[in-house]
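Q: There's a structure below that I have some questions on.
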Amino acid sequence: MSVTGTEIDSDTAKNILSVDELQNYGINASDLQKLKSGGIYTVNTVLSTTRRHLCKIKGLSEVKVEKIKEAAGKIIQVGFIPATVQLDIRQRVYSLSTGSKQLDSILGGGIMTMSITEVFGEFRCGKTQMSHTLCVTTQLPREMGGGEGKVAYIDTEGTFRPERIKQIAEGYELDPESCLANVSYARALNSEHQMELVEQLGEELSSGDYRLIVVDSIMANFRVDYCGRGELSERQQKLNQHLFKLNRLAEEFNVAVFLTNQVQSDPGASALFASADGRKPIGGHVLAHASATRILLRKGRGDERVAKLQDSPDMPEKECVYVIGEKGITDSSD
């Protein structure tokens with residue numbers, strides 16, 4: 001059974017329950033405001049946040065937190081459910097086109113919602129170009145592989161170019177100014193700021209208008225802020241929390257999360273992470289486990305680029321060729 005774009009939108013909106021609903025279960029308005037100040041805007045987020053973390057929010061005692069948790073549990077069932085219900089939830093998943101039909105094909109339709117997709121590769125492979133292309137294709141109608149929605153873009157390296165968005169939008173015959181207006185942009189100054197920006201996303205996403213979160217690139221700030229083996233453990237703990245939050249946002253708001261990542265040379269790298277030439281994505285096991293889909297990008301012949309699907313819960317390993325043009329990521333003319 002196919003699910004239409006309208007049905008997906010209505011289902012997503014129906015499942016986004018504001019914390020204001022808790023007022024009907026005895027939680028006063030001042031405590032709800034405290035939740036919002038702590039970056040918690042929906043009932044689902046209340047349920048997925050630990051009591052220990054909720055108690056860290058200024059003004060919330062253990063007694064209040066327990067009462068809030070109890071009220072949230074009355075609104076949304078969090079125990080065992082029939083697998084048929086989970087099937088209904090999975091049917092709300094849809095894909096966003098990358099701009100390349102060949103790449104969309106090996107991905108099973110495109111970048112999937114409710115999960116994290118990571119692309120990694122050396123410089124000039126098209127990671128940022130793919131991010132820019134997705135900013136436009138996400139706004140296309142459903143029948144054209146879009147999501148008819150907005151994009152939240154976190155830029156960690158200062159490589160976001162609004163003029164490039166306008167150029168790609170013109171290639172798709174969309175209004176350039178409207179496309180730019182539908183992209184919420186933030187420059188992450190360091191890893192701490194990057195994590196804060198993701199915490200703040202709950203308020204934006206609770207509108208139900210967003211379809212995609214882009215982080216370009218996920219590890220740049222963490223590499224700078226945590227240097228050497230002595231800080232590696234702390235870095236991975238922070239990264240794990242960051243990725244956990246992104247995954248929660250993807251599931252709760254039915255959005256796609258698209259991460260770009262850098263690579264490092266490691267001649268002795270294990271086959272689990274490394275490509276044939278020994279390059280491997282940074283972030284280790286933490287990032288590998290968080291990303292549902294991992295795609296290696298590399299340079300091909302001439303202007304061609306090669307995308308290899310390395311890990312996916314839905315599709316087998318496969319690769320395809322794409323090029324970077326005025327419309328962003330497109331198919332090779334060959």
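Glycine is treated like the rest: Cβ placed from N, Cα and C.
Per Swiss-Prot, the feature ATP binding site maps to G121, E122, F123, R124, C125, G126, K127, T128; the stated evidence is a curator's inference. The annotation dsDNA binding site is assigned in Swiss-Prot to R223, R229, R235. Annotated ssDNA binding site per Swiss-Prot: R223, Y226, R229, R235, R305, in sequence order, evidence recorded as similarity to another entry.
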Q: By the count of other Cβ atoms within 10 Å, pick out the sparsest of the binding-site residues R124, K127, R223, R229, R305.
A: R229
Q: Tell me, how many other CB atoms lie within 10 A of the CB of F123 (ATP binding site), whichever protein chain they belong to?
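A: Excluding its own Cβ, F123 (ATP binding site) sees 9 Cβ atoms within 10 Å.
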Q: Which are the residues of the chain, R223, R229, R235 excluded, whose CB is within 8 A of where the CB atoms of the dsDNA site average out, their centroid?
A: F222, Y226, C227, G228, E231, L232, Q236
Q: What are the sequence-distant neighbours of G126 (ATP binding site), meaning same chain, six or more residues apart, C-beta distance under 8 angstroms?
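A: When sequence neighbours closer than 6 are ignored, G126 (ATP binding site) has L297, R305, Y322, I324, I329 within Cβ distance under 8 Å.
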Q: Return the residues near G121 (ATP binding site), defined as same-chain residues 6+ apart in sequence whose C-beta is under 8 angstroms from its C-beta, sorted by sequence, else 'none'.
A: K127, V263, L296, L297, R298
Q: Can you grab the distance from R124 (ATP binding site) over to R223 (dsDNA binding site)? Cα atoms, rounded to a whole Å.
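A: About 20 Å separates the two Cα atoms.
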Q: Hey, for the ATP site built from G121, E122, F123, R124, C125, G126, K127, T128, who else sits with CB inside 8 A of the CB center?
A: Q129, L297, R305
Q: Express the distance between the Cα positions of T128 (ATP binding site) and R223 (dsDNA binding site) as a whole number of Å.
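A: Distance (Cα to Cα, whole Å): 18 Å.
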Q: How many whole Å apart are the CA atoms of Y226 (ssDNA binding site) and R235 (dsDNA binding site)?
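A: One finds 6 Å between the Cα atoms of these residues.
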Q: Which site among T128, Y226 has the most other CB atoms no more than 10 Å from its CB, taking these as binding-site residues?
A: T128
Q: Please give me the CB contact count at 10 A for E122 (ATP binding site), counting all chains in the structure.
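A: The Cβ of E122 (ATP binding site) has 16 Cβ neighbours within 10 Å.
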Q: Could you state the whole-number distance in Å separating the C-alpha atoms of R223 (dsDNA binding site) and E122 (ATP binding site)?
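A: Here the two Cα atoms lie 16 Å apart.
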